[in-house]
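Straight from TrEMBL, the features:
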DOMAIN    240-382  domain 'O-antigen ligase-related'
REGION    455-476  region 'Disordered'
TRANSMEM  12-32  transmembrane segment
TRANSMEM  38-58  transmembrane segment
TRANSMEM  70-87  transmembrane segment
TRANSMEM  127-148  transmembrane segment
TRANSMEM  155-175  transmembrane segment
TRANSMEM  195-217  transmembrane segment
TRANSMEM  229-249  transmembrane segment
TRANSMEM  255-273  transmembrane segment
TRANSMEM  280-299  transmembrane segment
TRANSMEM  376-395  transmembrane segment
TRANSMEM  407-425  transmembrane segment
TRANSMEM  431-450  transmembrane segment
Amino acid sequence: MASLVTRIRRQALHEAIPFALPLGLCVAFLITGASGNALVNLALQLLAVALLLVCVWSRRLRPLPEVSRYFSVLAVLFVGLVALQLLPLPASIRRGLPGGQEVANAFQLIGAEMGLTPISLTPTESFAAITMLLIPLGLLVFSSKLAWSALTKRLVPVLAGVGLLSFALGIAQVGAPGSGFYFYENTNVGLPVGFFANANHQACFLAMVIPFCFVGARRAQGNVPLRRRVEALAGVYVVAALVLCFGIVFTGSFAGFGLMAIAVTAGVLIFQPDLLRRRLFLIAAPVAAGITLTVLMVTSDDLLSLIGGGEDGRSLNRGDIWATTFRMIGDYWLTGSGLGSFPDIYRLYEDPEVLTNTYVNHAHNDYLEFWVETGVAGLLLLGLALAALVNLTLFAWQRPIIQPGTAMKRAAVVALWLPVLHSLVDYPLRTPAIALFASLCIAVIVANPAKTTRSAVRRPQSETPAADAMSQTVEI
C-alpha cells in the first residue's frame, strides 16, 4: 500500500511539472518587469534558493547537462569575483588600487584613519546586485534538470500568450494613460510598456517571443493527420507574431525595430528551413537585418532622446553617457569600482557645465558598465560567456532540422541573442523578467530531446492504426 501511494505521488509530481513551470513563468513575467521592487526580488530570491536546494537533493531530476554546468561555473566564478571586490584590504594596498586615493581623501576629510577597505566603493550595492543573480540561476539549474517534454511541451503557447497579454496591456495603457494600467510608478507614461517599466524592454521581450511563435506554427504544420485543424493553429501563431511586431512598432523603440528584423528573419528560417538553401536569401537576410539594427541603434539618439532634455535645452543622449563612461573606464579598468556602483561613481565624472535635470542610473551599454564595475576579470568572464553562446549558436543551427527539438533550440538561440545585442544600447538583462527568459532559453538549448521519459517508453499502442495516426505529432 505504501509503495502504491509513493508511486501515485511520483506520478502526480511528474504530471504536475509541465503545468507548474508554465504557470510559474506566467506569474514571474507579470511581476518582474522592473528591478526596483525589493519585496518581489526578495521573494524570487528565496524561491530561487529553494529551487537550487531541490536540484541538489532531489533524485528524481536528471543530472545537470555539461553545457549548463559550464554556465553555472561561470556564475560561480562571477560570484567569486564580486566576493574578492568585497574582501577588506589593508590601507597600504587599497591606496594603490583604482579609487584608493579618493577613498583615502574621504577618510581624511572626516578625520578618521583609513582601515580595512574593500575594492568595491559601494559594498552594500555590490552584495545586493549579486543576490539578483540567484533568480535566473535558480531557474536555469532547475529547468536544465527537467525532461525535454516537461520543459518544452507547453512553453510555446505560454510565451505567445504572455507576449499577447503584454501587448494588450500596452494598448490599454496608451488608451488610458492616467489609469492604473501601469504597473510601476517610475515608467514611460504614455507609451505601451506592458508588464514592464520601460518601453525598450517591452520591445525586447516581444521580439524574444516572435521566434517561438514560428516554432508553434511549424509544430502545428507538422501534425499531418489533423491537417485542417492544425493549419488554422499555424495561422494563429503567424498572426500572433505579426501582432507582436505591431506591438514593437507601437513602443517606438528604434533598437526594438532592429531586434524585430532579426527575430522575424530567423523565425521565417525556422518555419521554412528550405530557405537556407537559397544563397541569395542566406546572404541578404542577415545583412539586411544587421544593417537595420546597426543604423537604428547608431542613429536612435538623433531620432529619439534617450532620457529627455534638460532645462537649458541640452539633450543627454547615449553619446554623452558613453563618453563619460569611457573616462570612468580609464580609471577603473583594472579592478573595477564594484558591482552596482555605476550610478554613484557616474556623479563624480559629470561635467557641471552640461548638467541636466535627468538622472543617469545606467550606461545604456551593459558591456561598458560591466567593465567599469568589474574590471578586466569581469570582462574576461564576459568573453567566456559570449564564446559559449557562439558555440551554442553554431550547434543549434548546424543540427539537421529533422532532428527532434532543433526548431525549438534555434528559436531559443535567437531569443537569447536579442537581449545580448540590445545590451549594446540598453540594459535589458538587468530586468528580472528578461533575465528569466534568457536563462530559460539556455536551458532549452542545452536540454537533450532524445532522452525519453519512462512514461513515454511504456505508452501502450492504440488498438487501431487510425487512432495511432490521430495521436502522431512531430517533435521540433
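Here the Cβ of each residue, glycine as well, is placed from N, Cα and C on the backbone.
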(message) I'm a bit unsure how to read this: which one of 155-175, 229-249, 431-450 has the highest number of Cβ pairs shorter than 8 Å with the transmembrane segment (195-217)?
(response) 229-249
(request) Using a Cβ cut-off of under 8 Å, list the residues of the same chain at least 6 residues beyond the transmembrane segment (70-87) that approach it. (result) 64, 118-120, 123, 126-127, 129-130, 133, 137, 140-141, 335-336, 338-339, 374, 377-378, 381, 384-385, 388, 442
(request) May I ask you to check whether the transmembrane segment (431-450) and the transmembrane segment (255-273) make contact, with contact taken as at least three Cβ pairs under 8 Å and only pairs 6 or more apart in sequence counted? (result) no
(message) At a threshold of under 8 Å on Cβ distances, which of 38-58, 127-148, 155-175, 255-273, 376-395 pairs most often with the transmembrane segment (407-425)?
(response) 255-273
(request) Quickly jot the same-chain residues contacting the transmembrane segment (38-58) by Cβ under 8 Å, restricted to those at least six beyond its ends, or write none. (result) 28, 31-32, 64, 131-132, 134-135, 137-139, 141-142, 145, 432
(message) Given a Cβ distance threshold of under 8 angstroms, which distant residues of the chain, six or more beyond its ends, lie next to the transmembrane segment (127-148)?
(response) 17, 21, 32, 35, 41, 44-45, 47-52, 54-55, 61-65, 68, 71-72, 75, 78-79, 82, 86, 339-340, 404-405, 432, 435-436, 438-440, 442-444, 446-449, 451, 453
(message) Return the average pLDDT for the domain 'O-antigen ligase-related' (240-382) as a whole number.
(response) 79
